[in-house]
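Some features that TrEMBL has for this protein:
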type	residues	note
DOMAIN	169-255	domain 'DUF6534'
REGION	280-305	region 'Disordered'
TRANSMEM	15-38	transmembrane segment
TRANSMEM	50-73	transmembrane segment
TRANSMEM	93-111	transmembrane segment
TRANSMEM	123-147	transmembrane segment
TRANSMEM	159-184	transmembrane segment
TRANSMEM	204-224	transmembrane segment
TRANSMEM	230-251	transmembrane segment
């Protein structure tokens, strides 16, 4: 029985194929999340709207070039064992896109932590900004180092950069999740409905951070333990989709703001009150007191989380 450490069809192109299949499934989920976001939160700030669009475009391009890489390895280069040793341009490019997507999502999370920290006068926002900036620096290094090698066996020379990038990404996820949960917990008050929404946001934050961190660690350990296989590539294919999906899920987990009353609805309410007054002039208990105005439901407030 061949060892897992030795490259075979199963743990090279087979693993890459499974990674693309999983990526395609997650891409369908993120596309559905994007549609739901624009349908439910059409009045969101421009930062959220543009970020969702850019992330979805990058995610689409990432899936396209990973499909290209697997197609070349399995169809165009069928039976070419020597070709499996070369790193395709699409593999190198998908690493760069992966770095951009991960750092963009982490920056958006850091921005939310920064806003929450501003409300509470905390310093965790500065810590999150510092670790994300460190992630940017390491991401640039890994993207450059990957372009300097031509064969997979040459990755040993830049293995430190690969491990540093994945480890830093995991650390950033933990720091962001911890900071957001800390500030969200401090935001709890006496309102039950608001506390329920905050608890739900904390659950989404922890679960998304757990999934992305687990995927980053899996990619790192699979590269350390099985460097001659494509298992780490298959896991990395999924990483981009998990980051995009986690951010979309965070946005969609919010409660949709209620639409303000239109002039037609207000006129309809006024006419109903007039009809009630003419029908029952003697029953003053059913009419609102002049000293006590009728309650009015204001449009839903958009909280920073």
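Here the Cβ of each residue, glycine as well, is placed from N, Cα and C on the backbone.
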Stretch contact, the transmembrane segment (93-111) with the transmembrane segment (159-184), Cβ-Cβ under 8 Å, 3+ pairs: yes
Winner by Cβ pairs under 8 Å against the transmembrane segment (123-147), considering only 159-184, 204-224, 230-251: 159-184
The transmembrane segment (230-251) touching the transmembrane segment (15-38) per 3+ Cβ pairs under 8 Å rule: yes
Whole-number mean of pLDDT values that fall within the domain 'DUF6534' (169-255): 81
